[in-house]
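Features reported for this protein in TrEMBL:
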DOMAIN    1-320  domain 'Major facilitator superfamily (MFS) profile'
TRANSMEM  17-37  transmembrane segment
TRANSMEM  44-64  transmembrane segment
TRANSMEM  84-105  transmembrane segment
TRANSMEM  112-133  transmembrane segment
TRANSMEM  139-162  transmembrane segment
TRANSMEM  243-269  transmembrane segment
TRANSMEM  281-301  transmembrane segment
Amino acid sequence: MQTLEAYYDHNPRVADLSLHPTLFMGIGNIVAIPLAHAFGRRPFFLLSCVLMVATCAWAAWSPSLTQHIAARDVMALAAGQSEALCPIIIQVGVLSLSVSEIFFLHEHARSLTWFSGLQTIGVGVLMIASAYLTDSLGWRWWYIVFGIVNLAVLVLALLLVVETKYPRSLSVLAGDMDPSESSDLSNPVPEKITHSTRLPLDYARYRRRSFLRDLRPWQGHRNWRQAIESWKQIAVVFWFPNVFWLMLCSGAFLGIYVLATTVFAAILIPPPYSFSPTSLGYVMGAQTLVGLVAIPILGYGNDRIVQYLSQRNGGIIEKY
């Protein structure tokens, strides 16, 4: 931030480079997540990667502070998907049904914590590297390098991130047995299903998946009602006391974080602290320790608690 303030002759609007993107990240999530429920996860994830690459180029060659701020605002619309869309792919399923798309219930905490922990560690490492990068090459090269990294992410996403949203009937979600498999529908015989049990696949109505088919950006999902219902549920859940309290806490912590990243350089560089510009990254890089501690405690520890409560309650555990 000190580098940008010097470049723009200490224009007070330089602070908007950090303040505005925080707001636009939230706006991007409110718009994109319901649409991802309606049209699928993959197209919006790929779109966010494309926007990241394009806005990095826009910011790197921005001719004015106004365009620089605008580029970062649009970038934030895409960057916000890492805070909501990616966890949805990992954990949450079809709208309002809370079905795991990739991991089982007793694996949710560890999967989400690995994601959040690695993200936190990555941000910390990036903060350390950014200080050296901007000091030696200039702030424009920061966007160029970041754009190259996002371009690599886009290529990998095209090849590896498949669509995880598929329609599931209520009977399937409830684990009901197929009536055709029982000769006595009034008294069906329960069958124990294990991880090694292979369910019959309906190839008559559904084609086999192929690598080329998975490469399609959009798998054909289209249900505007789910998007509208999602926006309605957001408006309702917002006023739940526990959700409202968590929102206030999250907003307060995020506001403090943004404030710290905006002003800490102006405090630490002058005497009596006399930090060098390249040393500032280590201050924010300390959050890597949080990621290392959170993975074993919040992740695996939470899953152990879920398993314990499930066994105590006869195999039933609340899902939030």
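Cβ atoms here come from the backbone N, Cα and C positions, even for glycine.
TrEMBL: automatically predicted annotations, no manual curation.
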For the transmembrane segment (281-301): best-contacting stretch of 17-37, 44-64, 112-133, 243-269, by Cβ pairs under 8 Å = 112-133
Here the stretch out of 44-64, 139-162, 243-269 with the most C-beta pairs under 8 Å to the transmembrane segment (17-37) is 243-269
Express the predicted model's confidence over the domain 'Major facilitator superfamily (MFS) profile' (1-320) as a mean pLDDT, rounded to an integer.
-> 79
Using a Cβ cut-off of under 8 Å, list the residues of the same chain at least 6 residues beyond the transmembrane segment (139-162) that approach it.
-> 3-4, 7, 42, 45-46, 49-50, 52-53, 56-57, 59-61, 89, 130, 133, 214-215
State the non-local partners of the transmembrane segment (112-133) in its own chain: residues 6+ outside its ends, Cβ under 8 Å from one of its Cβ atoms.
-> 82, 86-87, 90-91, 141-142, 145, 277-282, 284-288, 290-292, 294-295, 298-300, 302
